[in-house]
Amino acid sequence: SRHERIHTRRPYHVDRADKSSLDDDLVNLEVLNEDTIIHQLQKRYADLQIYTYVGDILIALNPFQNLSIYSPQFSKLYHGVKRSSNPPHIFASADAAYQSMVTFSKDQCIIISGESGAGKTESAHLIVQHLTFLGKANNRALREKILQVNPLVEAFGNACTAINDNSSRFGKYLEMMFTPTGAVMGAKISEYLLEKSRVIKQAVGEKNFHIFYYIYAGLYHQKKLSEYRLPDKKPPRYIDNETGRVMHDIVTKDSYGRQFEAIQHCFRIIGFTDEEVYSVYRILTGILNTGNIEFAAISSQHQTDKSEVPNPEALDNAAALLSIGSEELQEALTSHCVVTRGETIIRTNTVDKAADVRDAMSKALYGRLFSWIVNRINTLLQPDKNICNAESGMNVGILDIFGFENFARNSFEQLCINIANEQIQFYFNQHIFALEQMEYQSEGIDATTVEYEDNRPLLDMFLQKPMGLLSLLDEESRFPQATDLTLVDKFEDNLRCKYFWRPKGVELSFGIQHYAGKVLYDASAFLEKNRDTLPADIVVVLRTSENKLLQQLFSSPLTKTGNLAQARARVTAASRSLPPQLSAGRIKVDTMEVMRHPEETTNMKRQTMASYFRYSLMDLLSKMVVGQPHFIRCIKPNDDREALMFSHERVLLQLRYTGILETVKIRQKGYSHRILFEEFVKRYYYLAFKAHETPLGSRENCLAILEKSKLDNWILGKTKVY
């Protein structure tokens, strides 16, 4: 209630016949400063109007509750109408992208940004939902499939963190493909930088990837735990936590069981075979059993760095589920082959080394399985060659990437996430600010320059070669005797700029001044995480698996972004690199042959996480820049996930670092519509000419149309009408 009047109106008046409210767009505010903007957003949020425009950018405040504004009748409202006909809505942004694509035959890209827990993933769902509605193909099956993609990849790629129960732990770029007339005809996902380390260890109060809990609950209710060798009392180490309630939750929480059924439904609808799904479950439960393998030291007179598996139960379970020999697995975990001067020497692993190898194997299994699922989805959702060849179509890309993170302890994963956000912020700045200025100058239109925070120098500090932070990390990772301390020393010696500092008295810590604020990073395990080693011995054993899928995971090469290459093109290479005893008709096992092959496919020239990250960023940007961008800025109104609670400080901070204030200024000074002379005349000529005439797309003709239609607030550039 404001002014002692109770507001009974629902926040969404659907009968607004073109009475666009001026409040809908911050650009219309007469007095423009942080206070008026915050006041405006807060007033709207209290009315449950979570969406507000800034020119063509959409601000979305997380309502932390379910709103009933996403039903089919809302989809119908936001379908090819003027933006001002309805209240701001995420459907309007999807519609704008769709209309631009169809009208101008140009690819579009929707960039959803915001910090962790601001609502990016939900927003991405809503956009996909609306685009499938707009691109109604006759093919209902395809629409169904596309809508199942997000829930499926999220079960494998999302997890519960300290600040978000459904946090994306990977970057996702979803491209929806349309025919020239605008019917949806296929989809493709690209995944980047899955946080594999989460499989083996989670911070206090956090959880492993959702799928492990879903599958555990599902198998429990189907009474199949023993078939998959899972205990029903003490949870496996990889999902156990300090609360001791994991098993209790798995058994009693309805949601886990429901989610398991939903995932089975997703697999089925998208088109995975039962055999494929069975293999996926076996690999997942195999990972959980692998985590339980324990090692003990064997001390003999000569050496103390030998390890063994004292209790073979977990080892046998893991080997059975992965369809490999249990002795071979034990050997690959507790020893490794070194080839020197043509001789093969077997060296033993210490207990710690064996545990590292075990965890590296689990991470590799999960990471490659995730990649395979994504590749399989892409194969099943690719456009049907008979309907339309993909080249003549167009697409709308949707970027949902982990938001900026600042935890109590920030590690290598947070650094990568934050650099990625830094890069997206740079793209936003370039697009909104720099391009705007250049546009006006090149068209000879007078526009005052707006100051904005340019984070280019910071990006250079991270990405430059050979002295940027990532290059220094790679260089240090090549020295066997380097430690995390020598790494931080190296950073300090070489990164001499205002964005980097080293706090006094904390050896392994360094600080970065990001666009979104200061973050302290803990460098312990940086080198280990960056090297991301997977011993060849493990690869050799996993390739002997009788599980076809598992064999394939370790026979396909990795791409430069660290994902599994699409299998089709590589059949010959893959079959060539299987251990000889599996290749047709050759029984003789030549150990040198087996030893040499992993080099082909696990790329022993040691790709590091930093190099995968660098290529992933390049790949992502190259996808984004081809399309016309649409920005959605998600904002987190409070840190307690409370509905209707609006924290002034938190929102202000996000508005500051996302450059919303500068954006408003630029948009206020700017012209929101720019149309080429030719296009303008073609579209509007009959306002000033006769219908059968075909006037030239000249400056004079544009002038004639504008004067005839008595418009104001326009200006003519060199090639465009503003």
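Just so you know, glycine gets a Cβ as well, placed from its N, Cα and C.
As written in TrEMBL, here are the features:
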BINDING   Gly114, Glu115, Ser116, Gly117, Ala118, Gly119, Lys120, Thr121  ATP binding site
DOMAIN    21-722  domain 'Myosin motor'
REGION    617-639  region 'Actin-binding'
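With a threshold of 8 Å between CB atoms, the same-chain residues lying at least 6 positions outside the region 'Actin-binding' (617-639) that come near it are 41, 45, 56-62, 64, 90, 93, 96-97, 100, 104, 106-115, 117-120, 123, 163, 171, 173, 175, 190, 192, 395-397, 399, 401, 403, 419-420, 423, 427-428, 431-432, 463, 560-561, 645-647, 650-651, 654-655, 658, 660. Each of the binding-site residues Gly114, Glu115, Gly119, Lys120, Thr121 was scored by the number of other CB atoms within 10 Å of its CB, and the largest score is that of Lys120. Long-range Cβ neighbours of Ala118 (ATP binding site) (same chain, at least 6 residues apart, Cβ-Cβ under 8 Å): Asn62, Gly403, Cys634, Ile635, Lys636, Gln654. Packing around Ser116 (ATP binding site) is summarised by its Cβ count: 21 other Cβ atoms lie within 10 angstroms of its Cβ, all protein chains included. Same-chain residues with CB within 8 A of the center of the Gly114, Glu115, Ser116, Gly117, Ala118, Gly119, Lys120, Thr121 CB atoms, the ATP site residues themselves not counted, are Asn62, Asn164, Gly403, Cys634, Lys636. Long-range C-beta contacts of Gly117 (ATP binding site), restricted to its own chain and to partners at least six residues apart, with a cutoff below 8 Å, comprise Asn62, Ile163, Asn164, Ser167, Gly403, Lys636, Arg641. For the region 'Actin-binding' (617-639), residue counts in helix, strand and coil come to 10 helix, 8 strand, 5 coil, using DSSP. When pLDDT values are averaged over the domain 'Myosin motor' (21-722), the model yields 88.
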